[in-house]
Amino acid sequence: MAAKLLLLLCLFSGLHARSRRVEEDENEDSPSNQKWVLAPKSQDTDVTLILNKLLREYDKKLRPDIGIKPTVIDVDIYVNSIGPVSSINMEYQIDIFFAQTWTDSRLRFNSTMKILTLNSNMVGLIWIPDTIFRNSKTAEAHWITTPNQLLRIWNDGKILYTLRLTINAECQLQLHNFPMDAHACPLTFSSYGYPKEEMIYRWRKNSVEAADQKSWRLYQFDFMGLRNTTEIVTTSAGDYVVMTIYFELSRRMGYFTIQTYIPCILTVVLSWVSFWIKKDATPARTTLGITTVLTMTTLSTIARKSLPRVSYVTAMDLFVTVCFLFVFAALMEYATLNYYSSCRKPTIRKKKTSLLHPDSTRWIPDRISLQAPSNYSLLDMRPPPPVMITLNNSMYWQEFEDTCVYECLDGKDCQSFFCCYEECKSGSWRRGRIHIDVSELDSYSRVFFPTSFLLFNLVYWVGYLYL
């Protein structure tokens, strides 16, 4: 009996041990318990040993070759995009990859690996240049999904450090030719604390490259190209090497042509309609003139909204102002015509040299005769003809129209340049003078206004676009 119990116990122990071995084998085959090897353990250990050795006695507060020679920084810039450009704030936005390369002899190492590619965690452990963008208003480094920084160390001590930046940089726009202006917007950088005796920047060959312009947000500008320069700037703290990239931009005129130039031209042309309206239609001509003046005022206000409050006159300001003057002059033309064509009571003009006061002892005219064409009838619907007044063998012309007589200006008033009616054209004052018939002012304006406006446009567009 005891022998049977011992046999059963041995069988149970064997089965239990076998089941445990099967479970262990299954656990070893499961993916969660497998160990993935990304690199040989010896190489991983080699990189760690190299970094530990390089940083063991490294002082990141000191620049390379301090006290021996200046540190040379080679610069590369890759432009992702430019824009938008703000004329009001005098700034533009740019997205770049900024790369700096220099040599640090303290980071030389001997290994089968030529390059150590590291992430942003190593940036704070070594010395990097204190580069600043001198004309930046705001700047932002990209951190999604990780800090957009790259660090590479060569075995000869050369270091490459790149990062992605979005910068709002200042651009002093000269708007004298606006909106036909072109600008060179700079991006300027230098060392913050190291003068040229300690740090020198220089451009690498083909150091500035640009991405495809389809994604750029230059809504009102065309990108014409870029150029880079190097200069020495003297300050109270020393002489600094300053690097500058100029982005050449030319403004597109399409938006301003539609929004400002065409409406202004059409408003000026509309004001000329007044010259073909009868001069006695005072409400119509006055309403048209005031409406066009107010329209030009509104267009002028809208045109200035896209500009900063500069103290000088821009090309658009000049055009809008001249258009306003043309519209205002058209309104004043009718005011002048209406004033000098006013209807007055019938009077007989007397010659100053012929008539005296009744109390005077000199002679008084004793014969006045009125003559009119014999074929004119009171029932005639035509305008009344001119009537000749004979006063002591001196003739005067009066224009009768609807019982109104248009009184000629006195001789002393006519002696300047303007002549109202036929009788004003007689006399010694007309010798060598210009004679303008005010009653024909509309006829003159129909030619003068379009011609002068056409000449102005010719000079304006040729001067700003080609000179």
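Numbers here mean position along the shown chain, with the first residue as 1.
A Cβ is built for glycine as well, from the same backbone N, Cα and C atoms used for every other residue.
Residues 284-303 are the range that Swiss-Prot records as transmembrane segment, among 124-143, 164-183, 224-243, 284-303. When the topology recorded in Swiss-Prot is consulted, Asn148 and Arg446 turn out to be separated by the membrane. In Swiss-Prot, the feature N-linked glycosylation site is attached to one residue out of Asn110, Asn375, namely Asn110. Residue counts for the topological domain 'Extracellular' (304-311) by DSSP state, with H, G and I taken as helix and E and B as strand, are 1 helix, 0 strand, 7 coil. Least crowded of the glycosylation sites (Asn110, Asn228), judged by neighbouring Cβ atoms within 10 Å of its own Cβ: Asn110. The topological domain 'Extracellular' (18-256) scores a mean pLDDT of 88 in the predicted structure. In this chain, the transmembrane segment (257-277) touches the transmembrane segment (284-303); three or more CB pairs sit within less than 8 A of each other, excluding pairs fewer than 6 residues apart. Put simply, Asn228 (N-linked glycosylation site) is 38 Å from Asn110 (N-linked glycosylation site) when counted between their Cα atoms. Long-range Cβ contacts of the transmembrane segment (447-467) within its own chain (Cβ-Cβ under 8 Å, at least 6 residues beyond either end) map to 177, 180, 265, 268, 272, 275, 315, 318-319, 322, 326, 329-330.
Residues 87-90, 175, 178, 317 of the same chain, all 6+ positions outside the topological domain 'Extracellular' (304-311), place their C-beta atoms under 8 angstroms from a C-beta of that stretch.
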